[in-house]
Amino acid sequence: MLAAALRRCXASVRVLLPKPGAAAPSSWSSSAFRATAAIQSVRCYSHGSHETDEEFDARWVTYFSKPDLDAWELRKGMNTLVGYDLVPEPKIIDAALRACRRLDDFASAVRILEVVKDKAGPHKEIYPYIIQELRPTLDELGISTPEELGLDKP
């Protein structure tokens with residue numbers, strides 16, 4: 001699918017370019033051409049609908065709540081989620097921690113909390129907020145935070 005979209009973009013660019021050895025049209029310097037070229041380049045990358053924050057959260061909660069989720073899918077989902085430029089909402093982390101508990105994977109649960117702390121970066125107020133929101137789940141599932149385990153100290 002991506003390859004087809006790239007082929008369409010390359011084909012549309014070839015239509016705009018002059019033949020090799022031919023002089024560029026004088027209209028290329030006009031603002032109309034630049035606007036057309038800008039619109040054309042935007043079209044190449046703007047297909048598909050945009051997902052709202054609520055839809056994004058629901059998609060990930062549903063993913064981690066699948067009853068047949070295995071350890072590989074859990075790690076794959078977390079790696080994908082970590083790749084986004086955001087800190088996951090507490091409800092997504094809650095679903096991921098519950099998946100860890102279903103899989104009896106304590107190490108992954110602690111690693112998820114470490115990743116959330118890392119994703120919060122220099123914003124020191126985010127991680128305590130997330131732990132505060134997750135505290136009932138952590139207590140229910142018997143999951144310790146990295147700080148409670150002493151993993152935050154070198």
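Note that Cβ sites are derived from N, Cα and C of the backbone, with glycine treated the same way.
All chains included, 16 other C-beta atoms sit within 10 angstroms of the C-beta of LYS91 (N6-acetyllysine). According to DSSP, LYS91 (N6-acetyllysine) is assigned to a helical segment. As annotated by Swiss-Prot, N6-acetyllysine applies to LYS91 (among others), with the evidence given as similarity to another entry.
Secondary structure at LYS117 (N6-acetyllysine), taken from DSSP and collapsed to helix, strand or coil, is helix. Note on LYS117 (N6-acetyllysine): other Cβ atoms within 10 Å of its Cβ, all shown chains, come to 20. Look at Swiss-Prot and you will find LYS117 (among others) tagged as N6-acetyllysine.
Neighbour list (THR145 (phosphothreonine), Cβ cut-off 8 Å, at least 6 residues apart, same chain): VAL110, LEU113, ILE131, LEU138. Per Swiss-Prot, the feature phosphothreonine maps to THR145.
Sequence annotations record features per position, and here Swiss-Prot assigns motif 'SIFI-degron' to 2-21 based on similarity to another entry.
Taken from Swiss-Prot, the feature transit peptide covers 1-45, and the record attributes it to similarity to another entry.
A Cα-Cα distance of 16 Å separates LYS117 (N6-acetyllysine) from LYS91 (N6-acetyllysine).
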